[in-house]
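Asks: Below are the C-alpha cells for one structure; questions will follow.
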Amino acid sequence: MADTASSFWGPVTSTTEWCEKNYAYSSYIAEFYNTISNVPCILLALIGLINALRQRFEKRFSVLHISNMILAIGSMLFHATLQHVQQQSDETPMVWEMLLYLYILYSPDWHYRSTMPTFLFLYGVMFAAAHSLVRFGIGFKFHYALLCLICIPRMYKYYIYTADASAKRLAKFYVLTISLGTLCWLGDRLFCKEISGWYFNPQGHAFWHVLMGLNSYFANTFLMFCRAQQLGWSPMVVHFMGVLPYVKIQKPKAQ
C-alpha cells in the first residue's frame, strides 16, 4: 500500500501491492508482515526436504521441497522491495512449482514418460523468458489458477484410491488450508480500502503465506504417501512431537 515513507529500494515498480502500509517498520522492508510470513514456509519445506533425503525418497520430492523454499525466498524478496524484478522472482517460481506438481501427479500413468519432463521443462523456460519481457498482470493470475485447476482431478483420484485414514486427513488439511488461504487473499485484495480505515490490519496476505506454506507441506506429504504406496514401500503417517505429520516408509529388503 503506497505511502510517502522513504525507502532503500526507491519507487515501487511492481505491478501489484498489498494491503499493508509500506516501510512501516524499516526503510529496508516494504511490506514487513508479508515478508516475514514466508519464514514458516521455508522451515516447513526444509523439514520436508530432510525427511525426503533421510528416507531416500525419489529425487522429485527433494526438488519439490527445494522449489517450495525458492518460492518463499522469492516472495520475501518481492514483498521486501516491491520491485518488478523481484516480483518476477516470486511469480516465475510459482509457475515452476505447479509444473513440478503436474509432473509428480501425472507422470506415473503417462505412457510417454520421457516426453512429459521435456515438455514441462521447455514450458517453464519459455514462460520465464516471456515473463521477463512482458508484464502479464491479471493474465498471470488466470494462468496460475489454470495450472492449479489441472492438478485437482488427479489429487481427487489419489484421495479416493487411498484407504489410509491418516493420509486422507492430510488431503483434508490441504483443502482446508487452501480454502482459508484463498479467503484471506481475497479479503486483503477486495476490501483493502475498508481495512485501511481500521485500527488493526488483520494482515490477510501474510496469513495467506502461512496457510500456503502449510498447504504445500500437506500436499507434499500426501503425495509422498501415495507414491510410496505405488512403490510398495509400506508408508505410514506419523507425527513429529505429536503435531507435525510426516511419512515414514519401510522399503522391502533386497532379495
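Indices start at 1 and increase along the chain as displayed.
Cβ coordinates come from backbone N, Cα and C, glycine included.
Remember, TrEMBL labels are computer predictions, not curated facts.
Reproduced below are the annotations present in TrEMBL:
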BINDING   Trp18, Glu20, Asn22, Glu31  Ca(2+) binding site
TRANSMEM  32-50  transmembrane segment
TRANSMEM  62-82  transmembrane segment
BINDING   His79, His205, His209  Zn(2+) binding site
TRANSMEM  94-112  transmembrane segment
TRANSMEM  119-138  transmembrane segment
TRANSMEM  144-161  transmembrane segment
TRANSMEM  173-191  transmembrane segment
TRANSMEM  206-226  transmembrane segment
Asks: Residues sitting near the transmembrane segment (144-161): Cβ under 8 Å, six or more positions beyond its termini, same chain?
Replies: 91, 94-95, 98-99, 101-102, 105-106, 168, 171, 174, 219, 222-223, 226
Asks: Looking only at residues six or more beyond either end of the transmembrane segment (119-138), which have a C-beta under 8 A from one in the stretch?
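Replies: Cβ under 8 Å, 6 or more out: 15, 84, 88, 91-92, 95-96, 99-100, 102-103.
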Asks: Whole-number Å only: compute the distance from the Cα of His205 (Zn(2+) binding site) to the Cα of Trp18 (Ca(2+) binding site).
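Replies: His205 (Zn(2+) binding site) to Trp18 (Ca(2+) binding site), Cα-Cα distance: 7 Å.
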Asks: Including all protein chains displayed, how many Cβ atoms other than that of Asn22 (Ca(2+) binding site) lie within 10 Å of its Cβ?
Replies: 19
